[in-house]
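What follows is a single structure, and I will ask about it in a moment.
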Amino acid sequence: MTATSLKTLTPPSKQGLDQNRRSYWITTFGCQMNKADSERMAGILESMGYCEATAELDADLVLYNTCTIRDNAEQKVYSYLGRQAQRKRDNPNLTLVVAGCVAQQEGESLLRRVPELDLVMGPQHANRLETLLQQVDSGQQVVATEEHHILEDITTARRDSAICGWVNVIYGCNERCTYCVVPSVRGQEQSRRPEAIRLEMEGLAAQGFKEITLLGQNIDAYGRDLPGITAEGRREHTLTDLLHHVHDVEGIERLRFATSHPRYFTERLIDACADLSKVCEHFHIPFQSGDNALLKSMARGYTVERYRRIIDRIRDRMPDASISADVIVGFPGETDAQYRRTLDLIDEIAFDQVNTAAYSPRPNTPAATWDNQLPESVKVERLKEINALVERNARERNIRYQGRTEEVLAEGINPKDPEQLMGRTRTNRLTFFSATSPDGHLYQPGDLVNVRIDAVRSFSLSGTPLPSNALH
């Protein structure tokens, strides 16, 4: 069976595009929330008659959905903008848009820095893209960064996958971590109603989607802003209740959620994840530091001991669960002993994956003004050491998969080998496997396949599908 028999699943909104229409190009920087916002904005553009360009330099409208979580991400945006500003000077008909967190942070000052811009819009205005572009078409330069109630999303997003989809459930962040710019650029928490979330998931299931990731900046804070108290005296709307509410959506085989905050990760939530069969055994729970004094300086609102209890409870209920996290090294005042405690915690927890970052001072955050900043050389050295530890631990965690059979959701064709499919296990391991089983059965993207793991690497697995065992 040749690879040409494999189906390349195209999201419905990408099919049959008329190349004679005005075209757009979106470049997304940063987190999953930005990726979900970009999908919605692409859907708005296509509902306006735009089609996706084949290349950025061919597009009639270029939109950068930006990230300001660290300085290097922000500087990359300005590099891209410089190139497009020259295009705009050569082609006044080009529409140039900056969306997302850099737009929210800089506002009108972006127009002074890049006068060629047509539209500057913060993340709370993503669903207003059509209205804002209409103002641009009337000859205005538009800045939309005021605090705004996020309208319920009634657009059809242009999904980047036809199998796995994002669904936003809560926008914004009410935390005040001393290093983080997110609350000032994404605004206060705004939770969507559970009925609207379920309706969106039902629509995705009808299109053939198999896996949904529920998204929020602090997703386990979901529902704090929604009214309602139960007879037991607890909030009526929590992430736990939401998982129960959407778990039986027909056609959806897997549920994930991200990103969690240790402050709100409850035993009740853990028990629901263990009891609900569609919830995958993978949890992304940032810890940021292994030192309590630093966690207090960061205003994280929990201790290392609480974090340990959460992980212990997860592994008690779901022994094979994978845990990923975020960590910052080089935070102001971090001593060598405090840094070593972070290394020790990484070893102790045996994380499956850790996203590491050197502390980067951000505008309008308390930590950026402190006098005890660490030299860049110290940050770089600590980051290098911690990355080596993370990679070693990830490989050691993956070794236990050798020879096991894992359920893998085939998400697409391996771009490096057209005879292979690629997908993820329930524990979020990227896995490559032959599209053809030993008995000649050809699996397709969207199939749930039992795969025997033959080889492991630090951040991926590869294996062989068992004979004729596509689960769906």
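Start at 1 and count along the chain as shown; that gives each residue its number.
A Cβ is built for glycine as well, from the same backbone N, Cα and C atoms used for every other residue.
Annotations per Swiss-Prot:
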| type | residues | note |
| --- | --- | --- |
| BINDING | Cys31, Cys67, Cys101 | [4Fe-4S] cluster 1 binding site |
| BINDING | Cys173, Cys177, Cys180 | [4Fe-4S] cluster 2 binding site |
| DOMAIN | 22-138 | domain 'MTTase N-terminal' |
| DOMAIN | 159-396 | domain 'Radical SAM core' |
| DOMAIN | 399-467 | domain 'TRAM' |
What is the separation, in Å, between the Cα atoms of Cys101 ([4Fe-4S] cluster 1 binding site) and Cys177 ([4Fe-4S] cluster 2 binding site)?
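Pair distance, Cα basis, whole Å: 17 Å.
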Comparing the binding-site residues Cys101, Cys173, Cys180, which residue's C-beta has the most other C-beta atoms within 10 angstroms in this structure?
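Counting Cβ neighbours within 10 Å, the top one is Cys101.
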Could you measure between Cys31 ([4Fe-4S] cluster 1 binding site) and Cys180 ([4Fe-4S] cluster 2 binding site) for me? Cα positions, answer in whole angstrom.
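Per the Cα atoms, Cys31 ([4Fe-4S] cluster 1 binding site) and Cys180 ([4Fe-4S] cluster 2 binding site) stand 14 Å apart.
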By Cβ count within 10 Å, point out the most packed of the binding-site residues listed: Cys31, Cys67.
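The most densely surrounded of these binding-site residues is Cys67.
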If you run the three-state DSSP split on Cys180 ([4Fe-4S] cluster 2 binding site), which class comes out?
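Coil, per DSSP.
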Compute the C-alpha separation of Cys67 ([4Fe-4S] cluster 1 binding site) from Cys173 ([4Fe-4S] cluster 2 binding site), stating it in Å without decimals.
15
Return one of helix, strand or coil for Cys67 ([4Fe-4S] cluster 1 binding site), based on DSSP.
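The residue in question, Cys67 ([4Fe-4S] cluster 1 binding site), is coil (DSSP, three-state).
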Can you give me the residues near the recorded [4Fe-4S] cluster 2 site, meaning same chain, not Cys173, Cys177, Cys180 themselves, Cβ no more than 8 Å from the center of the site's Cβ atoms?
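Once Cys173, Cys177, Cys180 are set aside, the remaining close residues are Glu175, Arg176, Tyr179, Val181, Val182, Pro183, Gln217.
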Quick one: DSSP breakdown of the domain 'TRAM' (399-467) into helix, strand and coil?
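The composition, in the requested order, is 1 helix, 36 strand, 32 coil.
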